[in-house]
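Worksheet: the structure to be examined is printed underneath.
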Amino acid sequence: MDLRIPRIEIRRTSSDTQLDKVQGIKGASVYNIHGLAGSQGSLSIPPIHRDVPGYRGSNEFILSDDKKTTMDQLREIGPWCRRKYKSIFRKKILYKRVPVLSWLPKYNGEDAIGDLVAGFTVGLTVIPQALAYSSIAGLPAAYGLYGSFLGCFIYILLGSCKDVPMGPTAIASLLTFQVTNGIWQRAVLLCFLTGLVELLMGLFALGFLIDFVSGPVSSGFTSAAALIILSSQVKDLLGITAKGNTFVEQWQAILVDIHNTRLGDAVMGFTCIVVLLLMRLLPRVKFGPPEVEDQSLLQKIMNKTMWLVGTARNAIIVVVCGSIGAAFYNNGQMPFKMIGDVPKGLPSVQPPPFYVPEVKDANGTITQEYESFGDMLGSFGSMLIVIPLIALLEDVAICKAFANGKPVDATQELIAIGVSNIANSFVQGYPGTGALSRGAVNNASGVRTPFGGLYTGIIVILALLFFTPYFFYIPKAALAAIIIAAVIFMVEVRVVKPMWRSKKTDLIPGIAAFIACLALPIEYGILVGIGLNVVFILYHAARPKLHLDQLITPCGIKYLMLTPDRSLIFPSSDFVRNLINKHGLKNQTPVVIDCTHIYGADFTAAQVIDTLIKDFKMRNQMLLFLNLKPSVCNVFEGAELEYRVFYDIEQLEKAIQEIRRKSFQA
């Protein structure tokens with residue numbers, strides 16, 4: 001038994017010493033109550049109950065400290081600021097917040113080769129994905145490319161994970177569309193404000209907020225988002241016109257216009273899906289022995305070729321389908337809907353737009369109404385919080401997937417993706433983060449450091465400078481097929497079975513988030529899932545479990561030991577009182593509450609414990625406490641409770657025997 005109270009020294013009162021002499025009760029030193037040397041506070045041991053060799057609660061159990069005047073506190077502001085300045089601007093903090101300083105001095109030739117191969121491979125994946133994701137966001141194809149190069153460069157300096165490739169993602173594109181409705185000025189401003197929120201969250205170390213999004217809710221949201229993204233591409237797959245924000249709205253619009261399906265788009269789209277799914281299996285095909293060391297040179301080349309073809313499948317599909325589209329277009333036919341003109345060259349560097357201009361057609365009809373900055377900000381609403389959280393969730397998922405047990409700095413990732421999005425907004429990009437699919441390609445390609453993002457960004461720049469005229473011929477059905485073939489694997493059906501086996505109630509918030517995200521705007525669906533999680537947490541806090549033990553003292557007196565499994569707070573206090581009363585009435589033996597797991601209590605709980613003590617006193621039943629923490633003692637003392645607490649099981653059982661003997665004598 002060892003109760004340690006920091007910065008406190010023991011002061012025994014004369015009454016305590018006299019009681020010790022009269023009753024022969026052991027002093028405080030036997031209970032190992034110690035203070036630290038040089039302490040400035042004091043603690044008065046409460047008088048020991050005359051009948052029981054233990055401690056009885058009283059209001060003498062207080063902590064005191066020297067009070068400082070207002071002038072003394074004002075004088076300490078300057079030294080406090082200097083200490084904070086020194087603690088922030090340290091070499092360790094600088095290396096933590098600018099990770100490139102840690103790995104760049106150790107950079108070598110092997111790292112350069114690994115990053116070059118990985119950066120080039122990811123670049124082949126980024127270009128078709130960027131073109132496809134911009135259609136999910138409802139924006140022209142060029143905006144996907146605009147948001148795919150500058151963020152890669154920024155992440156090299158600030159990113160803490162080598163596998164994260166910054167750029168547009170399917171989920172970020174979907175959220176962007178639901179907020180901006182395809183207006184590029186809104187999308188670019190959203191990118192700036194999202195980055196600003198992410199940066200502020202990082203500076204204030206708010207990365208812990210993603211802890212409120214549980215695994216089941218995340219799976220439900222991701223699965224629903226995948227189905228919504230898939231549904232948004234059906235219109236391009238069939239060559240029809242359909243609009244809608246939610247899953248239900250999209251399919252209603254698809255069913256209305258499905259009779260206008262274009263045969264050429266449908267054939268190309270479904271063919272591309274089948275080919276992409278087959279090409280996805282190519283990296284699993286191995287020639288020769290399973291061990292690389294035992295393979296011949298030809299077998300190694302063939303295996304590497306299969307891996308490269310499977311990894312670059314999106315780029316291959318875009319090139320092949322673009323060539324087919326160009327061949328038909330040059331012959332005067334156009335059996336496919338194509339993405340159209342993509343502006344050549346890099347975007348102009350300019351501040352994000354803070355208003356939406358009014359646009360009129362040739363007849364003078366207003367096709368786009370003017371919106372002020374306030375109007376745009378109002379239309380963003382809660383998405384300014386939801387998008388940064390989801391972006392962090394995607395980014396941290398990549399970091400954890402390839403961290404190999406190393407800790408992930410969510411705060412640093414917030415800073416990195418925040419600054420990247422702010423920079424992207426100045427080149428007309430829309431919100432992005434790390435994409436798990438590209439992260440897997442990056443890792444499989446042997447990336448060594450975040451420097452691989454340099455080559456990815458350069459490839460995107462080269463595409464904007466030299467290849468945009470050829471993007472005109474890419475069929476929309478091919479891009480839709482690329483997205484559909486990717487997002488169908490985001491539907492996390494595989495987690496349902498282990499979740500059912502592990503804890504069935506976890507399925508409730510997951511399924512609720514899934515259904516709500518499909519039926520409602522996606523931000524409301526996430527809130528539904530998080531809200532249900534909070535309800536479950538509060539329910540468990542309000543319904544602690546009590547472990548029950550029937551024990552016997554050395555003299556044969558039976559008593560009941562009840563052990564709550566968590567702290568006492570106001571939602572659970574009445575429930576605990578009723579349980580203890582129930583077991584006390586049922587057994588009619590002395591009851592001991594083992595407070596080993598009670599690390600905190602509040603005033604409401606203290607009041608309920610006071611009532612509980614009175615309940616036991618009214619029926620002349622013994623109620624004792626064991627191993628009560630000092631912090632809980634403070635709460636009980638402040639509420640002026642009369643209670644008996646012990647820190648040794650032998651002393652406790654002696655007290656039970658003594659009280660029982662005196663009750664029989666009476």
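The backbone N, Cα and C atoms fix where each Cβ goes, glycine too.
Per TrEMBL, the features are:
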DOMAIN    560-659  domain 'STAS'
TRANSMEM  112-131  transmembrane segment
TRANSMEM  137-158  transmembrane segment
TRANSMEM  187-210  transmembrane segment
TRANSMEM  266-285  transmembrane segment
TRANSMEM  306-329  transmembrane segment
TRANSMEM  376-393  transmembrane segment
TRANSMEM  452-472  transmembrane segment
TRANSMEM  478-496  transmembrane segment
TRANSMEM  508-539  transmembrane segment
Intrachain residues whose Cβ lies under 8 Å of the transmembrane segment (452-472), provided they are six or more past its termini: 114-116, 118-120, 122-124, 126-127, 130-131, 141-142, 145-146, 148-150, 152-153, 155-156, 159, 162, 165-166, 322, 326, 338-346, 442, 445
Non-local residues, at least 6 beyond the ends, that sit with Cβ under 8 Å of the transmembrane segment (112-131): 141, 144-145, 147-148, 165, 167-168, 308, 311-312, 314-315, 317-318, 339, 435, 437-438, 441-442, 445-449, 451-456, 458-460, 463, 471, 474, 479, 482, 486
Spatial neighbours of the transmembrane segment (187-210) far in sequence, C-beta under 8 Å, 6+ residues away: 137, 139, 143, 147, 176, 179-180, 352-354, 376-377, 380, 383-385, 387-389, 391-393, 396, 409-426, 428-432
Most Cβ pairs under 8 Å with the transmembrane segment (478-496), selected from 137-158, 266-285, 306-329: 266-285
